[in-house]
Amino acid sequence: FIQDFSKAMSQAGPSQFQEVIRQELEYSMKVELDKILATAPSNELEHAKKDMEGFKKLFHRFLQEKGPSVDWGKIQRPPEDSIQPYEKIKARGLPDNIASVLNKLVVVKLNGGLGTSMGCKGPKSLIGVRNENTFLDLTVQQIEHLNKTYNTDVPLVLMNSFNTDEDTKKILQKYSHSRVKIYTFNQSRYPRINKETLLPIAKDVSYSGENTECWYPPGHGDIYASFYNSGLLDNLIGEGKEYIFVSNIDNLGATVDLYILNHLMNPPNGKRCEFVMEVTNKTRADVKGGTLTQYENKLRLVEIAQVPKAHVDEFKSVSKFKIFNTNNLWIALSAIKRLQEKNAIDMEIIVNPKTLDGGLNVIQLETAVGAAIKSFENSLGINVPRSRFLPVKTTSDLLLVMSNLYSLNAGSLTMSEKREFPTVPLVKLGSSFTKVQDYLRRFESIPDMLELDHLTVSGDVTFGKNVSLKGTVIIIANHGDRIDIPAGAVLENKIVSGNLRILDH
């Protein structure tokens, strides 16, 4: 190889040189993956092969791509009619036969994530969010309510990852008597690669014990291939299902919307959309969210990671890019099947760098489900109310959804009518609250937050029962201090700092 290499080098220009390096990297990767596959037990071999094939394709594309994947000069504002206001879609009303429309729908929840960012072990969907109900409980309740109300059969499909599959399946037994058919399929399991050598760090296919760090689920863009490979896509088409509604399981605002579904099934111009992305107006909190643009005559999702550095501030500006992707998506099943069979779903690669516990730098190659919008025909954005985007990523978000700002009905959270204005308060809880169990220990009961605009809490702070927070409240316990907010306290536009211990006498 060395001789061939130096010979090629002496004759090659820079681009040929890069091509030689690329081929060498691909060859080395193939050798390593074959070694890993050779360790697979016979009952896992077929599955592992599919995963490795998918990974090879992704790796090949990763080596081909150079620099940010969008040409900033080609980005245009989407045409007026390509992003419709939700009010216009709602104004069409609903047909009498809404049940027959609902029977064509499948709800898919992205359930691959762990609760690690909130200090929990196991699937994030099993964290209690409201009155002991988990994300998964609320999802099942919502769909059960739909099926009972309209006498329909809308199934729930969970896309699990190898991290969440086992725990989720154990819990599913408790819904065996509910009026919802629940299916699961697994997203792929890809090898993490060493940032320096670009080779897998795994030596065999096992993913337990010390090997757990060697593998990762490759982002929710993997849904198209995994759903198709699982056979479930074909089964659902066979049952007469036509659309999936996909969302993150931790977005409590992502409920089935009958007006959007009707718009899909009975389009006003007679031409059906294959892909609808719900977008909503940016606030200062969402400047990093992906946005819909017009690019080479197609709607295209542009994520912050794809933006050339010189244009990042422009991308974040609320005036130029007013909307962002909620990741609530409505997609035609037949279109997924068609594109998957033609290998025609094109999604930009997201390179996600990680540092493992031992200090090793690795990269994960991922894709995002919404990025495929440009591969579908007749795509549409719908600008939905902010209430359809209620993600719970941190305990600060958890405090909001547990509070009296929201009321719970049939699994759906709605903003309380007692709140005078419909915006959500800005809540920032400090690092003492990051883990769910610490957070729960620090609140004897969740404060009344109906009149709250802004809450910042930092340091060792606890809240007694029946505390009421109004306006802007800032509570800062400096290092070594502790603040106990007494039971029944009403804090309105207050800054509390220093030491405040409430002693029982």
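Note that Cβ sites are derived from N, Cα and C of the backbone, with glycine treated the same way.
Some features that TrEMBL has for this protein:
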type	residues	note
BINDING	Lys124, Gln187, Gly219, Asp250, Lys393	UTP binding site
BINDING	His220	substrate binding site
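Shown here: features listed in TrEMBL, placed on the structure.
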residue : record                 : Cβ within 10 Å
Lys124  : UTP binding site       : 24
Gln187  : UTP binding site       : 27
Gly219  : UTP binding site       : 23
His220  : substrate binding site : 25
Asp250  : UTP binding site       : 22
Lys393  : UTP binding site       : 14
Q | Among the UTP-binding set Lys124, Gln187, Gly219, Asp250, Lys393, as the record gives it, the longest Cα-Cα distance in Å | A | 21
Q: Looking only at C-alpha atoms, tell me how far Lys393 (UTP binding site) is from His220 (substrate binding site), rounded to the nearest Å.
A: 16
Q) When you put the residue listed as 'substrate binding site' at the centre and draw a 10 Å sphere around its Cα, which of the binding-site residues Lys124, Gln187, Asp250 have their Cα inside it? A) Gln187
